[in-house]
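Chemist: Feature table excerpt (Swiss-Prot):
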{"type": "DOMAIN", "residues": "34-133", "note": "domain 'Cadherin 1'"}
{"type": "DOMAIN", "residues": "134-242", "note": "domain 'Cadherin 2'"}
{"type": "DOMAIN", "residues": "243-350", "note": "domain 'Cadherin 3'"}
{"type": "DOMAIN", "residues": "351-455", "note": "domain 'Cadherin 4'"}
{"type": "DOMAIN", "residues": "456-565", "note": "domain 'Cadherin 5'"}
{"type": "DOMAIN", "residues": "581-678", "note": "domain 'Cadherin 6'"}
{"type": "CARBOHYD", "residues": "257", "note": "N-linked glycosylation site"}
{"type": "CARBOHYD", "residues": "265", "note": "N-linked glycosylation site"}
{"type": "CARBOHYD", "residues": "548", "note": "N-linked glycosylation site"}
{"type": "REGION", "residues": "780-806", "note": "region 'Disordered'"}
{"type": "REGION", "residues": "829-950", "note": "region 'Disordered'"}
{"type": "REPEAT", "residues": "774-777", "note": "repeat 'PXXP 2'"}
{"type": "SIGNAL", "residues": "1-29", "note": "signal peptide"}
């Protein structure tokens with residue numbers, strides 16, 4: 001084989017390889033691209049298909065592919081457009097390190113025929129790496145004795161980039177002691193040194209902190225920093241120094257052994273042992289100094305050693321040396337002058353005589369309290385004594401003679417502020433140092449009755465339920481007296497007054513010692529709503545002092561009164577009402593009304609009405625208003641209905657538990673057009689006593705109407721005469737409403753005080769009738785000025801607002817806190833946010849909401865004496881000359897009398913309180929179109945009849 005290799009075949013093989021290489025170079029080419037490092041995914045590199053001379057359509061059929069030994073995933077070719085792009089992150093420092101050249105070699109292979117192309121992609125460096133020092137803090141220790149221009153080598157920073165991006169420059173923070181020396185090479189920093197500029201002084205600056213910054217040459221440039229902490233080592237170059245070169249001190253001749261004379265202090269700014277100091281007496285030392293004094297070598301304290309004698313030696317001069325512990329010790333010196341002082345060894349003596357204690361707190365200033373004498377056995381200045389007294393006390397010392405003083409009261413005393421004073425008298429001589437003596441005296445202050453008992457507040461409010469047991473405790477009053485002993489002993493008593501017809505002491509009593517207030521008898525809310533009285537507190541001093549406190553006892557209502565029925569006439573039996581009604585009435589016609597009152601208040605007086613059925617399941621053509629008591633028809637009546645109906649109405653309050661009363665209503669049906677007398681006689685045989693009762697009611701109604709008409713005519717005549725007369729003080733005049741007030745006894749008082757009034761658009765002004773609770777203060781009169789008529793003319797245009805000076809009574813305030821839900825009184829008024837619950841109102845016969853209202857409602861927890869009449873904002877109440885208000889209030893009763901006649905088409909939810917079934921008659925009269933004046937007189941007569949029934 002060797003021979004064959006060396007023979008003819010060898011040239012042929014060599015020629016074959018040369019041909020293959022030539023064909024390879026002919027069929028293959030090499031492309032060069034460049035791309036920056038850290039390029040984003042999809043960054044364009046080159047049109048590789050176009051540069052290789054390949055058609056885009058033949059890339060896929062010829063299986064165009066890219067291969068790389070280690071970095072095949074960094075670059076990729078899009079076979080759709082033949083573009084070479086960046087596929088993943090390229091980090092030049094990771095690929096090539098610090099090599100100057102960095103390339104990615106790819107092999108592009110296509111088949112049919114097989115071709116291989118070499119592609120070289122050069123990765124360009126970017127400035128993405130900052131300079132980095134080996135450590136963030138570098139500590140350097142330099143002795144303060146190092147001379148200037150001394151160099152201290154430093155470690156430079158490194159930058160992973162290449163070229164300009166890795167060319168580093170350094171800078172050092174400006175300072176007076178160091179500078180930076182940097183020598184650059186072509187590739188990297190070769191040497192970096194810290195050069196000392198001037199001599200260091202550790203005593204001035206112990207440590208230097210400098211910041212060394214390295215910046216590369218990239219754009220933008222990146223920086224790196226290292227903190228240089230330079231510690232200066234100490235050198236013993238400072239000697240100890242005393243604060244003074246000469247010290248002067250004094251010492252008493254009787255000083256004990258070990259008494260501190262002075263503590264010398266020398267300082268050495270050096271560090272360590274170079275700053276440790278040793279104290280000693282500087283040689284040569286006199287024997288007298290060694291005998292009398294000693295020095296502590298560590299802290300420099302000089303103390304007495306032997307007995308000093310002023311008469312033997314008055315002054316010592318001592319030289320003291322301070323030496324440090326450095327390798328070459330350095331020393332400092334000072335001179336100490338010790339002066340021995342004469343001793344003041346006798347203290348003053350203080351004597352206090354003629355004490356007048358204790359003293360009364362009303363003692364006048366300048367009064368003498370005690371005599372004080374002082375003495376001192378020393379002579380000269382050591383025997384001169386001065387006295388002083390405790391500061392900030394109402395006493396003073398007055399010198400009367402040499403070494404004699406008087407203790408005098410300087411200002412007024414107040415035992416309640418300070419009850420005793422501890423006084424200290426200090427006597428001090430004139431020695432150096434001086435001696436002193438003290439004497440204490442306790443001055444007590446005797447009490448004087450100068451403070452009256454004081455209550456915590458001037459008025460208390462107490463709430464007590466009615467029907468309380470006799471003798472129950474309702475409240476406790478307490479007064480404090482700042483005095484002492486008997487002057488502070490407080491006793492309590494009632495301030496007697498009359499409550500109505502009875503004495504206050506019949507209602508309540510107060511315990512003289514404890515101040516407990518007791519109710520002596522059961523309280524009745526209906527009789528007494530508010531009991532206001534005063535309790536007096538007096539001390540036992542001479543003379544006694546006292547003060548009063550006001551108690552307002554509100555009696556809270558309990559449901560202890562059942563509803564009471566109001567009968568329509570004197571001839572009716574209690575709880576029984578008889579009414580006649582025609583058969584032709586339609587549904588909703590009001591045929592009768594049950595009236596009841598409750599003496600309680602609040603919910604306890606809120607009444608509801610229920611119709612009791614005679615048999616279970618029985619159906620009758622009547623219903624009763626839940627809160628009005630009006631009995632109305634539920635359907636039109638026919639012939640099959642019984643001619644007589646006996647209805648039982650249950651009246652119930654809302655107390656806990658509820659109390660009830662039962663009313664019996666006898667209804668008799670008559671034919672239309674049949675006279676009541678004829679019907680009564682016709683049914684006399686069948687009904688018997690009931691028919692007789694109907695006859696009596698008819699005659700009674702006729703009589704009441706006649707009397708009422710006469711009363712109305714009398715009132716009209718009286719009003720006309722009063723208004724036509726010249727106005728005098730307190731007389732009735734146009735524009736001046738008359739205010740009617742009710743007292744607890746039911747009497748009426750009149751005044752000309754201005755109150756809110758209701759004015760109409762035409763006709764004379766209407767007189768207001770206002771009833772106030774007995775708990776309110778009495779009505780006060782006020783004179784009217786000349787501007788009254790101008791105000792009245794303005795009043796004709798629009799309603800006046802309610803007087804803000806008026807206040808509700810206690811019962812009214814309590815009742816108005818209760819939420820009243822009435823079924824038929826129209827209490828829900830739509831608002832922006834939905835129905836708004838308000839107080840139900842009692843309105844006049846008009847169906848419009850602008851009619852007059854009485855607020856709050858009947859039986860809604862409000863005392864009837866506190867109601868006032870008002871008109872709605874829309875249409876003021878129209879009234880003719882001489883007319884009375886449509887409604888007025890009976891004092892002491894929640895019933896409201898209606899003078900206007902109810903129209904025929906009124907529904908059962910109207911809130912008129914009293915009707916006697918005369919609506920059918922009114923309807924017939926309207927059809928006949930009788931005169932308005934005759935109609936109004938009859939309507940007023942009916943209302944007057946209602947009033948007389950109540």
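From the backbone N, Cα and C atoms, a Cβ is placed for every residue, glycine too.
Small disclaimer: the values here were computed from a predicted structure and weren't measured.
Help me understand the surroundings of these features in the structure.
Modeler: The residues of the domain 'Cadherin 1' (34-133), classed with DSSP into helix (H, G, I), strand (E, B) and coil, number 12 helix, 36 strand, 52 coil.
In the predicted model, the domain 'Cadherin 2' (134-242) shows an average pLDDT of 86.
Secondary structure counts, DSSP: the domain 'Cadherin 3' (243-350) has 10 helix, 48 strand, 50 coil.
Residue 257 (N-linked glycosylation site) counts 10 other C-beta atoms within 10 Å of its own C-beta, drawing on all protein chains shown.
Long-range Cβ proximity for residue 265 (N-linked glycosylation site), meaning a same-chain Cβ under 8 A and a gap of 6 or more residues, is found for 242, 243, 300.
Around residue 548 (N-linked glycosylation site), the same-chain residues six or more apart in sequence whose CB sits under 8 Å from its CB are 495, 534, 535, 536, 537, listed in sequence order.
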Chemist: Reduced to three states, what secondary structure does DSSP give residue 548 (N-linked glycosylation site)?
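Modeler: SS state of residue 548 (N-linked glycosylation site) = strand.
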